[in-house]
Structure formats: structure tokens, C-alpha cells
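Noted in TrEMBL for the protein shown:
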type	residues	note
BINDING	Gly22, Lys23, Gly24, Gly25, Val26, Gly27, Lys28, Ser29	ATP binding site
BINDING	Cys196, Cys199	[4Fe-4S] cluster binding site
Amino acid sequence: MKILLQNKFLAQVKHVVLVLSGKGGVGKSTITTELALALVHAGKKVGILDVDLCGPSIPRMLSVGKPEVHQCDAGWVPVYADPQQKLAIMSIGFLLEDSDEAVIWRGPKKTALIGQFVSDVAWGELDILLVDTPPGTSDEHLAVLENLRKHRVDGAVLVTTPQAVSTGDVRREITFCKKTAVKILGIVENMSGFVCPHCSECSNVFSKGGGEELAKLTGSVFLGSVPLDPLLTATLEEGRDFLQAFPESSTYTAISQIVNTVLSSLDA
């Protein structure tokens, strides 16, 4: 059995998983959202810490709007996406007065806010805390790691698209993980083919296999491929639960297999 985190706000959090990508626009927040929902369906209590300061899209994807963030004696109270309070969220998006407002902050201010997010949110009991990070290997990533390193990070899930321009950037993210001693739980190839909304046939619009090849070259675990699925896109735009709405889809199967592999790695 693994030792629980020692911070008073993270003391009841069993596992912390970073979701990383060296490239913007690869669907990292989409994967974070679907991983969280799949974990909830698997009976887990999950939190999402959205530290993508310049593009906080988790609140919209989970249809929680812009609620007022409250503070209690224990710290900031996370926002729950469901009545059963199985999915807790804290996002910079909750703190912006205007959703169209650009976050034009220098490094120290970003670092200070991330420090607060990591140390001052009263998560309570969680099986897994997913940390949705910005693309790249910037100050934000170092701030997350420096604050969590006092406790523990179980590992990172890396998201890429099949194209070489994306896998090249994710290769640098792998180097970042190795230099900072973050375990790589595996690589997800997102936007791997396009699922026709009429016949459900999957066509390789961009390409296919780049993420799997990258995993082989770097000795990483390949977690699986998630296709471009119009049904997934529509449910995210509407803030609905894709996995609940379309349990017979191939995309559902792909996401479920990825979650099962991650859970097996965490429990090992």
C-alpha cells in the first residue's frame, strides 16, 4: 500500500496524476475530462486541478459554468460537477471575472497562484487527482512539481496527436519528465482517425500510429488511441457525459481501456 500525501489538504488524496503535452491543441483537456468521467463511472472519487492558466476549458467541458468559489476554514472549496460530489474541480476559470479576459501575468504571479491551487484547496477524500497542465515545459509545470514534490506525484499521462510535428514536441516532454524524475504512466494518441457520424467507419484523416511509435522509441507504455469523434466533440461542447450517452461506441471502449491501464499502473 502506498503512503498517502502529507499535506493537510492532500492527506486524503491517494494518487496524483499529471496530464501533459508538449504541444497545444492536441486535446489534453478533452482527455483529462474523459479520464475523470471514466474514473467516476469506475466508482472512483476524482478531482481535477485545472492549471492551464491561459486556456481553462475544463469548466465548460463539464458544464459547471462560472460558480463563485467559496473559502472555509480548511481552504478553498472545490466545485462539484455532480450531485453525488464524486467529481471535484478547481480551475483558474472560476476566478476570472470575464471569461473573455486574457491572463497576462508574469511568471511569479502564475507561480504564486499555482502554489495556492496545489496547497490551499480542501479536496477531502479523493482516489485520484488529475492535474490538467498547460502545453510545453514552462514555469507553470515547474511550479506544480515543486509544490507537489513535497508530497508525491504518481506519474504523468502524455497526450499527442499522430503527426510528427506533435510527437516531436511530446518527445521533449518525455525528456522533461525524465529530468524532473516524473514517472511516465503512458502515452495517449488523440485524434487518431476520424469516426464517420453516419457509418461509424474510422478514416485516418491526419495519420495514425505516431503516438504508438513514439512509445516504442522511448520505452514508454502506449495507453491507446482515441479517434476524432463528432459525438465526443458535441457532448464536450454541450457539457454532457459522452461515456454515459454513448456506451456502445468505439471511442467509449478506447477511453475505458486507457483508464483501466492507468488504474492497473497506479495499483501496482
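Glycine is no exception: its Cβ is also placed from the backbone N, Cα and C atoms.
Caution: TrEMBL annotation is automatic and unverified by curators.
A map of TrEMBL features onto the structure.
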| residue | record | Cβ neighbours (10 Å) |
| --- | --- | --- |
| Gly22 | ATP binding site | 22 |
| Lys23 | ATP binding site | 20 |
| Gly24 | ATP binding site | 14 |
| Gly25 | ATP binding site | 11 |
| Val26 | ATP binding site | 25 |
| Gly27 | ATP binding site | 21 |
| Lys28 | ATP binding site | 26 |
| Ser29 | ATP binding site | 23 |
| Cys196 | [4Fe-4S] cluster binding site | 11 |
| Cys199 | [4Fe-4S] cluster binding site | 7 |
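Here the CA atom of Cys199 ([4Fe-4S] cluster binding site) lies 27 Å from the CA atom of Ser29 (ATP binding site). Sequence-ordered, the extra residues of this chain that approach the ATP site, with Cβ no more than 8 Å from the Cβ center of Gly22, Lys23, Gly24, Gly25, Val26, Gly27, Lys28, Ser29, are Ser21, Pro135, Val159, Thr161, Ser166, Asn190. Rounded to a whole number, the distance between the Cα atoms of Lys28 (ATP binding site) and Cys199 ([4Fe-4S] cluster binding site) is 27 Å.
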